[in-house]
Protein chains: 2
Amino acid sequence: MYTIDSKSYPCCTSVTMRFIGGKWKAVILHHLIGGAKRYNELRKVIPTITERTLSLQLKQLEEDNIIDRKVYTEKPPLMVEYTLTDFGKTLLPVLEAITQWGIAAPDNSKKITKN
Amino acid sequence: MYTIDSKSYPCCTSVTMRFIGGKWKAVILHHLIGGAKRYNELRKVIPTITERTLSLQLKQLEEDNIIDRKVYTEKPPLMVEYTLTDFGKTLLPVLEAITQWGIAAPDNSKKITKN
DNA sequence: CAGCATCCGCTATGATACTG
DNA sequence: CAGTATCATAGCGGATGCTG
């Protein structure tokens, strides 16, 4: 049994899902593998996420110390960059496995269409 | 861009999360890696899941052709076994990566307590 | 044993408009 | 540019009781 922020998780698998579960977190992290990205750059590569949701997910990832948020300007227009922390980088093998499966999946399931 | 059941997914990562995302699916699959398990066996190894949720998640995994449901009796008491399908087994590398990260995570983050 | 039925609150996600 | 505010909704997950 594991405890995170006063909540219980029954096994190691559920611990991982606590950090990268949900609809968007793995996708965001996937796009940060190549290096730092700005808020609007993330929006462009994930066109179906809304501003609000992206904002909330980034905040949570930052709280979990998986990504780092750096502000480069004092006054508008703002310039903010997001990068993986060292802890976040320990997720690389997981993200890689998730990505590879997603690439191969359309060949293995009729439900998935690539277009 | 990918399409599954008339919904759009912006990248391969989000496709994978469509199948194993959420709080429980990866946990359930993790416990099926070793072979077939019955409904109540799953409940025992995942004590914090409710009957209803386990039931719903199993149904969804079955619909996605990730697990197979076999009924071995005609009349009560019922005997039902769940196993990974061949398609489900393609998830093994992903589940393995998720599990390994969960095992190592408490050493890398102060937020996680093992007890 | 392996579930379904019902009710319900919470959280996640979304649409739109606005701001430092 | 990088968000926040507000409002709204859908689905997840839970509690309890019942059934073939």
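Cβ atoms here come from the backbone N, Cα and C positions, even for glycine.
What TrEMBL records for B:11-110 is domain 'HTH hxlR-type'.
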Key: the domain 'HTH hxlR-type' (B:11-110) - residue tally per DSSP class, helix then strand then coil   = 58 helix, 12 strand, 30 coil
Request  = For the domain 'HTH hxlR-type' (B:11-110), would you mind checking the mean pLDDT of the predicted model?
outcome  = 92
